[in-house]
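Since the structure comes first, as structure tokens, the remarks are kept for the end.
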Amino acid sequence: MSSQVCSNGAHHEHNTSSFKHIQQPLKEMHDDSILHDSHAIHSLDKYTTERARDNKSVNVKISGKVQGVFFRKWTLEQAKTLGLTGWVRNSDDGTVEAVFSGKSSAVDRMVEKCKTGPSQARVWSVDINKCEDPKAQSFEQITNSWW
């Protein structure tokens, strides 16, 4: 038996042994849920880390006869086919710039495709730099207001 003082000052007697049948299963359930939750969090962390390790993002700048030859439209189609996210746009210096993000192998394939481009393009160079993931939901073509 234990005695407890309530907020109104009254004393109440409790037989703590009568609560043990409730307390033990609750404790076990709580311990199991912590174990399960920590396992789920660990699995999610591992998945996220592995996925991040397999993903990359690059910024590319393509020089040559690349504007006015449907390079952006072609890039958009190719990137979507490869499941990439990011964007492509014409730059005011006559180049085409893009950010590709996704599985490393798909990003590498896209960069290789950019070295030749669509049939009417004449690519002289492709400058590649690692960049931050743009956190885009899809791949899009950016239309410049000056164009």
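Positions of Cβ are set from backbone N, Cα and C atoms, glycine also.
The domain 'Acylphosphatase-like' annotation in TrEMBL covers 57-143. Feature annotation from TrEMBL assigns active site to Arg72, Asn90.
Note: Arg72 (active site) has non-local neighbours Val88, Arg89, Asn90, Val96, Gln141, i.e. same-chain residues 6+ apart with C-beta under 8 A of its own C-beta. Per-residue pLDDT, averaged over the domain 'Acylphosphatase-like' (57-143), rounds to 96.
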